[in-house]
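These notes concern the structure reproduced below.
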């Protein structure tokens, strides 16, 4: 008795059942892989070049004083970004407070309550997708018309800035929160409801804990987008190089991107160097936030 | 050799669509199901003329089953015969499906389960359910069991005992007593399903509905769950949907046999009850020809 493998061996000596590799295929294979490689290389090299450029321009101006001094329009040597750094941190916290409950609440409504057969729920869904791609300067104009002036009349305050940035990232927060909620399998909801939990208890004790890591990751990424935005803050009239810290919700404020913009408009090359140094500060802040998001995702994300 | 242009496996329904050699039409339910159980025994559920509609379309029609206390009742039948749909009427899980409607009367211990004043949430606290695929919560073993009791407001200091009792009843205590704080996702499939049973038992139900509870499990785990059912039935009545006829024969006291009725047209598949009788009778001496054909493996 010969084993099937041996029989196959004999068969191969006699005839060629499987044709040789087509050299054309191999060429295409290599060519395609190279193109994909090139795409990654272009993306990576241009980003790296930008970073190196910024680092070499700004490194000279990086000092502890940059963080602890207020901006000066006259003397670049003593000029800092203290007010902008504080403004950015305050904006981020206030935006989070504004956007988390509204964003997560909307996501819960759309995922758990909305009847998709109803036309208005479908309209809401489509519009949220669209709103996420509206340019940020438009949100700035919205903030100017409705928050700074108009119905809310908050003037050019920290609160107005936070609300405007909140509106800007709200669609993104809703979308990521919906995805996280949708990732909780229906069998978990069934299991909870079958034990006599109400819908609210099921959402609060099963769905939200199960989607928390995804929601937190998405919110942090959305906030890091918010604090990098310049246009809406300039449109709503953030202060230029203020020499004071915001002392409340109704205080005037500035933020790092606005400060970068202010420095870069100056013709003195020393101020341009300050702009580069401030970009480094902002990038370190963004990198830190993204790292937290990545950590949360890898550490707490629920595998179903 | 099979001709590959033809559908490889014939649809079991197509197979059963023609009357068999003896002229039994396997796709038409009898006008009234044959019921040979003692209707005077103590009933947990008394179901009469139960219809289930999805979006106005009839899915299950005219089910009449008296479910007796202390029994394991098996619901068997081919795919699409509505046995799971009917099971989900018994704890009002169908309420959760938009467009689902239940007609007829389902009386639970003398109370109409679908009366206006009856709260479905309260119904589900008394009527437990175990699903096809184990669905532990992504929490510790302890918290899985404690979820139901916490909803009922069981005090923290009594919780340890409640959890232990439930795990013991589900024959899981010895497996997990040293790792109650571990995540339930780390358990084997069979253990997860027993955890789900324990979780349901922790709310002290008097009925346990099981929707193909062993279909995702290996034979050894299946055996453990079957043994468990036999132990549990002193305390809780069990209604189990199963695809596995041997399982129905092994564990159940009464068996209900459903079929897919196509007499209203190929696109109007309606699940109907054919026969409800003691399990022994269903498998050895069924009254209805269709039942006999099914349990002897001639269709389905």
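For all residues, glycine too, the Cβ spot is worked out from N, Cα and C.
On a predicted model such as this, the values are computed, not experimentally measured, just so you know.
Annotation source TrEMBL lists region 'Disordered' at A:1-23.
Sequence-distant neighbours of the transmembrane segment (A:31-55) (same chain, 6+ residues past either end, Cβ-Cβ under 8 Å): 276, 279-280, 283. The transmembrane segment annotation in TrEMBL covers A:31-55 (among others).
As annotated by TrEMBL, domain 'ABC transmembrane type-1' applies to A:85-293.
Per TrEMBL, the feature transmembrane segment maps to A:89-110 (among others). Sequence-distant contacts of the transmembrane segment (A:89-110), counting only residues of its own chain at least 6 positions beyond either end whose CB sits under 8 Å from a CB of the stretch, comprise 121, 124-125, 128, 158-159, 161-163, 165-166, 169-170, 173-174, 177-178, 180-181, 203, 207-208, 215, 219, 222-223, 226-227, 246, 249, 253, 255.
Positions annotated as transmembrane segment by TrEMBL: A:131-152 (among others).
Residues or ranges marked as transmembrane segment by TrEMBL: A:158-177 (among others).
Residues or ranges marked as transmembrane segment in TrEMBL: A:207-227 (among others). If you look at the transmembrane segment (A:207-227), the same-chain residues 6 or more away from its ends with a CB under 8 A from one of its CBs are 88, 91-92, 95-96, 99-100, 103-104, 107-108, 112, 165-166, 168-169, 172-173, 175-177, 179-181, 183-184, 188-189, 255-257, 282, 285-286, 289-290, 292-294, 296-297, 299-302.
Taken from TrEMBL, the feature transmembrane segment covers A:271-296 (among others).
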